[in-house]
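**Q** Input: one structure, supplied below.
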């Protein structure tokens, strides 16, 4: 085959190459030609443009086949050639196999063609395609053979030369006439007249009598486009494609003179009518009789239904085509003899436009040189793609690299090795049926010299029937080549029908041929030797002519197969060719094909009806063929008697070895139980029967997986298809195993493994699934028998018949039954299952040979399995280390994945978080009240081994919590799972302005609304905070840590810097950006410092900012009244709430905002902010003085008892310490600072009109609501500038930050 033939002849023959030759002997794209069948010719497939099959491309690519397109653009031709491995070369290149051009060729180009090169035009084809030349040729034939013999054109005149004759004829009949340019197409320049004065005589035109009685379908005029292929003019060989196009006008036909100018009524050209608003196009290629373009076969079927004689009509059409081409045969054949060096170099596809009148007489309108191959509708693609592919196959492209052609003489395929040693070549391998018994031999093509030298030698041996039709004695080598080429063309004709020469048409039209050469006569006498020697009665000849016409009519009327059907058939044939070869016996082989190609049957179950409809007409035509050729072909009994005795011996031997096959054949003769028929007759299967049928179907799939995993070599397309099938089985096992009541561990094969290994593993896993599935089916049957619920006898079919059907049914039959059962019962849950037990936790998937869990499996487990205490603890202990490296990433996940409704519950939020990190978090009770801190005391016993990593996870989860929660009411989710909050609108503690800011952010910036109040999740590692601190510690720890004078001096200096930045109009917008940066850095320091701190001393960061939690008495009720000292502290932290808001925003979006959010110009917030802008400038200095006085009062009179020290690097190297009081009520400071004028005693929170102004108000308002200890630390942190450090380290070196 071609893959082997491309190698040099000097290669040593090996068994691997012999197997390759044998395996590719029946390649779908190769047909062997020549005297000894040594020349490969490419076979084209129309469906290749859909499949892009590499198996089809490999031949063209191996031989470097090429083409060039000149002066035209045909996308269809380019697509078909490219799909078959051709590559396009430059129009000026001389290395090509095909030149497709849209115009006539120059003589010097024709003379340079080699025998392997082909062009799509003959010289002087304009003798047919120019209207004036066609008219002259027909007139000449009428003068020679009589007017009636060639009356195929309407009465025509060539103007202005015949203007007088036209006027004379018009005076006798004043009907309408049609004017056409002599060299135009697509209806350009065509118009109707009813007076000679309307004609312009400035250029040559053709005037023809208008056929005013056309055949109408639904009152619309139409014509027929026929595709005619001529492969040779000497001898003349004409083919007509079995399918064409019927093109309809868009306006109903009316003979009235008033509509003579309406081209949409009188012209049927597609180029004209597509511009009409009434043009209707059909988008379904299988519907051929709808719209303004039908298939010719659909038109003939319609006429046949109307009682018209379509057989006579198509016989007249063939007569018209043959006479038209014969009229130009002399001129074109003479030009070919003069300019074309090889008889097979040229071919031509003509487009015949034929109009049928009311008497079913066809009239020739015109012949098109290059018929349109545009595919504007699916019907065009189906017809034209099939026609072009069959045309290329008939023409016969020899598989030869065009760059290796010899320049001295015409050649057949030539290879370098053949030219070096043309006389030493191995023999071609024997036919496939002898491979098992005869030695294997290699195949190589002939070189040019070998092909010509062996033509006569090979032809002398071809004297039997089926070769060249008898003896070739007396024929020259050229005549033998021509005879063989014509026979081989007819063997691969596809959808083309040879209408000349045939035994009938030669007798009728042979005398019309004007090119007097011996080739036509030789061809006729050699092709139809039996017909020529038999001098039968005229009645027999007429009967034979009628039978041939009926056969052709049946072929014209049959529906053309669609490209999809062709693709499926070719794929099925490839599967049959890939199966192992068995001894010569048909019956067992067919049974084997059935089992081997069950996957193909599954895909074609729904399309069988379509194929049957399309094959009906083909069977009808085959019936005609059998009837008509019954007299000329031997009978079936004769063929059986003439079969070799070896076959019968092999059949007997095979039957002895395969008694099982014979038993199956005898069983098939018995009437089978048709379960499908029972179901269609309102029968139904029971649940147990449905599961049994489904289990049997799965067993068939398992057997197919195990059987096909043998040591065979399969193609890439087969591997891709099997990979897709295995992927379907894998997906089924993943989902169906979760529906089993019994746990089943599935070890699914990795895609990295080899294909056969994956099939083996998958078959094993499917077998395990079937075993568990059958056990559950048995349990279901036992339960029903115990309960005495006889559903099987009431609803199901007879059990014995059902078991018989199960034993004999194929995979396709079971699939059909299960599909019908599913459609009938509207569900497949009976045999697939719908749910799994909640206690099942052992169904897990592992990918053998792959790293990590399967993503789909993990997601399905996350969706289907609720977290439990054991699983949660295990996962958390395994995955907790990841929190230390991805704290901020998970903080973003919490924000972007949270629920859009407040207090929607942690479950809705945590479903979006990766289960490898947060699968342990469950719902918690969010009810307020002092009794809820009892859950905090349970945490140490639940997680005793996790004292560290407290604040990192806290930053992740607490960022979405409510900032106003009282420490005593914080709820920590535990692995055991706490009850869900009952009320979706429940509020905890007092609200601050943070809720309003978060609400505005969620509305204005389209951020997830998880930042609203009520989404509180805290880390479970802070259980030690619930314990009360020991009282009586020395208060001197605080005085040792802080130097009063240093703090006062530093605070005064930094307060001035803060005022310069915070109260200047230029830095008004960038304030929150600076605070967010400081907050993020401070949070990181808290995380690092907490790692070395005992669990009982670790802080809980308030959601409103990185403050420190004051340990108060757990039983103390909420303090809704704030002392004056607390209020004074809060007024100093007016910018802290904005910092918290931007912290929330930066974590939610992952981007630190460059400026604070500004409301739109039309909102009330903006108007209010503009009014307050001037007031802020006036109040800035007053607020600065108040801040200084407040800070001095704090450090002058503050005494903090029993303190716990905390160190924090805040911003640019700031280290501060704060004390947390515990075991007693917070101490208050005297009120020394006057609150801002805008502060009020009590105000309900609402969306702030301006952030800065409202933050100042909200800060003073919150002072009367929050706890005093809470307020002290908030005020302390808000008053400190990020550039300060205590002890005083005012350096801005980044090293301080990292320390």
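Quick reminder: no glycine exception, Cβ is built from N, Cα and C everywhere.
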**Q** Swiss-Prot tags one of 330-369, 410-449, 530-569 as region 'Disordered' - which one?
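**A** Checking Swiss-Prot against the ranges 330-369, 410-449, 530-569, the region 'Disordered' one is 410-449.
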**Q** Which residue of 247, 252, 308 does Swiss-Prot report at the same L-glutamate site as 270, 271, 293, 384?
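**A** The candidate from 247, 252, 308 that Swiss-Prot ties to L-glutamate along with 270, 271, 293, 384 is 247.
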**Q** Match it up for me: which of 782-832, 833-883, 986-1036, 1037-1087 does Swiss-Prot list as region 'Disordered'?
**A** 833-883
**Q** From 105-158, 159-212, 591-644, which range did Swiss-Prot mark with region 'Disordered'?
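**A** Range annotated as region 'Disordered' by Swiss-Prot: 591-644.
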**Q** With Swiss-Prot as the source, identify the stretch among 670-711, 712-753, 1090-1131 annotated region 'Disordered'.
**A** 1090-1131
**Q** Can you check which of 894-915, 960-981, 1136-1157 Swiss-Prot lists as region 'Disordered'?
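**A** Range annotated as region 'Disordered' by Swiss-Prot: 960-981.
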**Q** Kindly point out the range from 919-948, 1159-1188 that Swiss-Prot annotates with region 'Disordered'.
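**A** Comparing 919-948, 1159-1188 with Swiss-Prot, region 'Disordered' matches 919-948.
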**Q** Compare all C-alpha positions of 180, 186, 187, 208, 209, 210, 211, 221, 222, 223, 268, 269, the record's ATP binders, and send over the largest distance in angstrom.
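**A** So the binding residues stretch over 19 Å, Cα to Cα.
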**Q** Taking 10 A as the limit, how many CB atoms besides its own sit near the CB of residue 353 (Mg(2+) 1 binding site)?
**A** 19
**Q** Applying a 10 Å Cβ distance cut-off over all chains shown, what neighbour count does residue 209 (ATP binding site) have?
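**A** Around the Cβ of residue 209 (ATP binding site), 18 other Cβ atoms lie within 10 Å.
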**Q** For the binding-site residues 180, 384, which one has the sparsest Cβ surroundings, going by other Cβ atoms within 10 Å?
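**A** Ranked by other Cβ atoms within 10 Å, the binding-site residues 180, 384 bottom out at 180.
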**Q** Per DSSP, residue 270 (L-glutamate binding site) is which: helix, strand or coil?
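**A** Residue 270 (L-glutamate binding site) sits in a helix per DSSP.
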**Q** At a 10 Å cut-off from the C-beta of residue 270 (L-glutamate binding site), count the other C-beta atoms across all protein chains.
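**A** Other Cβ atoms found within 10 Å: 22.
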**Q** If one looks at the chain holding residue 222 (ATP binding site), which residues at least 6 apart in sequence have a CB under 8 angstroms from its CB?
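**A** Result: 214, 215, 216, 246, 247, 248, 249, 268, 294, 299.
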**Q** Specify the nearest of the binding-site residues 209, 211, 270, 271, 353 to residue 368 (Mg(2+) 2 binding site), where nearness means the distance between Cα atoms.
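**A** Going through 209, 211, 270, 271, 353 one by one, the closest to residue 368 (Mg(2+) 2 binding site) is 353.
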**Q** Which number gives the other C-beta atoms within 10 angstroms of the C-beta of residue 268 (ATP binding site), all protein chains shown included?
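**A** The Cβ of residue 268 (ATP binding site) has 26 Cβ neighbours within 10 Å.
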**Q** Given the binding-site residues 180, 209, 270, 293, which one's Cα is the least distant from that of residue 366 (Mg(2+) 1 binding site)?
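**A** Answer for the nearest of the binding-site residues: 180.
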